[in-house]
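According to TrEMBL:
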- B:12-30: transmembrane segment (TRANSMEM)
- B:95-301: domain 'ABC transmembrane type-1' (DOMAIN)
- B:99-122: transmembrane segment (TRANSMEM)
- B:134-162: transmembrane segment (TRANSMEM)
- B:182-201: transmembrane segment (TRANSMEM)
- B:236-262: transmembrane segment (TRANSMEM)
- B:282-308: transmembrane segment (TRANSMEM)
Amino acid sequence: MSVRTEGKDAGSGGDTLGRDAKTPVLQVEHLVKHFPVRKGVFGRRVGEVHAVSDVSFEVFKGQTLGLVGESGCGKSTTGRTVMRLLEPTSGVVRLQGQEITAATNPRDLARDMAFVFQDPFASLNPRLTAAKNVTEPLRIQGAGDAAQRRARALELFAHVGLREDQLDRLPSEFSGGQRQRIGIARALALSPKVVILDEPVSALDVSVQAQVLNLLKRLQAETDVAFLFISHDLSVVRHLCDRVAVMYLGKIVEIGDRAQVYDRPLHPYTQALLSAVPVPVPGARRNRIVLQGDLPSPVNPPKGCRFRTRCPKAQAICAEKEPELASRTGAQLVACHFADDDRSMV
Amino acid sequence: MGSYVIRRLLQFVPVILLASVAVWALIYAVPGNPADALVGPDATPQAVAAAKVRLGLDRPVVEQYFIWLGHALHLDLGHSAISGQPVTELMASRIPASIQLAVFSMVIGLVLAFPLGIASALKPRSVLTKAINLYQAVALAVPTFWVGILLIIGLAIRVHLFPSISNYVPFWADPVGAFKNTFMPALCLGTFISGIIARFVTASLRQSMSQDYIRTARAKGVPEYGVISRHALRNALLPTVTIVGLQVGSFLGGTVVTEVVFSYPGLGRMIYSAVTSRDYPVIQGAVLFIVVAFLAINLVVDVLYAYLDPRVQLR
Amino acid sequence: MTASPATSAAVAPRVATRRVRYSARQKFLRSTSGLIGTLVFLVLVVIAIAAPLIAPDSPLKRAGDALQQPNAHHWFGTDELGRDLFSRVIYGTRLSLETAVGAAALSCVVGLPVGIVTGYLGGWVDAVIMRVTDFVLAVPEILFALVVVATLGSGVFKLTLAIGIGATPAFIRLARASTLSLRDTEYVLAARSMGAAKRDIMFRTVMPNILPPIFVQIVVTASVAILVAAALSFVGLGTPPPAPSWGGMLQTSRSYLYQQVWYAILPGVALAITVGALDAIGRGLQQALGTETATKASGAMG
């Protein structure tokens, strides 16, 4: 397993799953993002939203890491901070081994990393034609002349399953699914190494979702691009991702291969999430774990384990000591004091 | 609520300070010597020298500003370069006339605007509404001073109904005289603002008529008259308060030309005379007063609005 | 939108027409006020450009007896110096439109970029500029122009400058507010994710998308500029005589109300038609684009 243990050197944690030959294309280490909470007449800083608290993961070439969690868990903030749309409070992001800092030219970063947004109706510039939208990254890089860019637009259109005669239409003339194809084409325009997809299908109809997911799969097979796929939808993540990271209240609570996480979840939160997914087999039953209480405020997260206020297994130790994200039974990493106990729930 | 008021006040102070700097700097933008500009064209060299000392014009520029500001804070805005009268006194003598004109105009504006605005909101596709739209367009397009001339031609020269020169007659001293003298300028200004207010009433009434609570009221069987008067109109009034407040604010100094047409002795005509005779202390004082008054009215309107509709504070 | 009753759309079932999505241009052309306003305004532009061809006499030279009533030779009559009033009103169109275009162009060219930059970058510069606009917006437009003219002196250029400066804050506010509302939209974030420079985002991504309300504001400003210029000329502080300004004509006409009443009426009609045409275009645009403008409604009151 190539996910390294917390605090150790990035290259040293690998055991064998056939991946150790590959180096991660994107490494995120101890990423923290706090937002100030201001109040009163003078905008006094009265606290901080702990949106992302010490998050680490890696994304490998040609693979997809799914980042799942409820809304408000910090998964989108994580994606945006990695892309430098938000300045991280602390932590390190490495792209192909190169550290990204505040001094990194955003234009250089954009050559290797691209972003696909959630809302296909809002993420395209409404004043530019589809072709111009798709080749904006080239224009910004100053790559090619108008004719070359148009040729590239045509190529990208063919890639994502759009027709040539649609090149000069405005975004408003496309359906949601088509627009998301345009958004994906734009992200691939510079042949980046990593694409961060922030809930790319959650705004689409279910039938269209499947088409777009299959498109993403095909594109990944063709181009060897790595995806960081952010979603709240466990079935979508299962369909697409090689590995899965589960986030709760700004922290990753469990991370591992898809099969491991889905078939044998170790963290009580993952177990609860999976128990809520509808079962496609008629008559099949499962014990649904219903979480008690509300999501605590990220301004004032619980001491110790952040999940303890809603955890069915919580003990005294959970309030005192924060569980580390660590390997309990080999490959999978989980942050829970009682991860080894009782896995019979699913 | 308290913090909202404080926040608004904190925005208010820098704007007024800025206005005071701009008004003070006006003297330096005028070609020639500031002392000459402040004392007037006919002053003797001795008077100019005396004024220089009194106003501190021999001191560094920044100090001059603070001397001037210190005077202004004590309501001492200097003396008119023409009549020698204190500027504050001069303004105080004009303000009642301006207020009376503003009140008359606003009454006429509201009396015209509400029926028109409501009618066009209730029957959006009727011929009446088209006529009202045309009225609004004309009211806004026709310059008030030209309406003034037409009124004088029609009602003062052809028919001797009103005097062609409007004096200030206090309403409580002589209501009939006040009406005769103030009606024509007030009609000019009132028609103009009725165009603005009516459009606003229509828009906000239409919007509130499309809300769910109106459908609920209708479903409950509230008669249509009650639906409009008790539910829709009440909610539509709130945004209208703002626009009326802003119009009142713009009556100060925004009525220069109308006052000139009717020779009405309000603040506007005082400013006009000051500008034509280059009476800079009066111009300075009047502009400062108008800015402060406008912002104060705005503040009151905003706070009132926030009080009536607590959602505003969150913005 | 005012649907013209003659079109088939009005005959067709309403459900069907509702589902059609019209482009802004179609909507504008279907609004009666926008269409009429545009036609009238085009006629005025032609008059302004072709004034020497249309006007029978010079606007500045004596063409006959003074203070004639309208007649076959002098359609609008003559003024106190025997000049042909029709010719003067025709040339006045040119003067009015020059001021309108000049003031609107000046305020837009300055206000739009300043508003976008302060809105996008924020910070203390933004705070300072906002307070400056607060101050200028607190002074009625007519008074602002009056004071500027009192300071700088009168003349067509200074008048245009004074009105243009007074109208700039409205553009700043409008551009700033529109920019703020776009700053966190996904397509602006997308431009950032593509590594676009700030200048690129402000002027290539944001600016084209905030233009619709700016167009409306340009038209509104032009209309206000014409009214304010006329008002200032009317009180003798705008365009100095003998230039044929409508406001100036109305001013002089007041001394001859008994002798030549049309002198006091016709320049005003020209003024009202011009302002009305611009207002109608503005309303048509506003309906077609569905925008609200942050204009100072009181500015043109005079």
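Every residue number used here counts from 1 along the chain in the order it is shown.
Note: Cβ is positioned from N, Cα and C throughout, glycine not excepted.
TrEMBL labels come from automatic prediction, so no person has curated them.
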Handout entry: Within-chain partners of the transmembrane segment (B:134-162) [C-beta distance under 8 Å, separation at least 6 from its ends]
Key = 116, 180-181, 183-185, 187-189, 191-192, 194-196, 198-199, 257-258, 260-262
Completion exercise
Maximum Cβ pairs under 8 Å to the transmembrane segment (B:99-122) among B:12-30, B:182-201, B:236-262, B:282-308 is reached by B:182-201
Practice task
Sort out for me which stretch, of B:12-30, B:182-201, B:236-262, has the most Cβ pairs below 8 angstroms to the transmembrane segment (B:282-308).
Solution key: B:236-262
Practice task
Report, as numbers and ranges, which residues of the same chain sit near the transmembrane segment (B:236-262): CB under 8 Å and 6 or more residues beyond its ends.
Solution key: 98, 101-102, 105-106, 109-110, 121, 144-145, 148-149, 152, 164-166, 184-185, 188-189, 193, 196-197, 200-201, 204-205, 207-208, 268-269, 271-272, 286-287, 289-290, 293-294, 297-298, 300-302, 304-305, 308-309
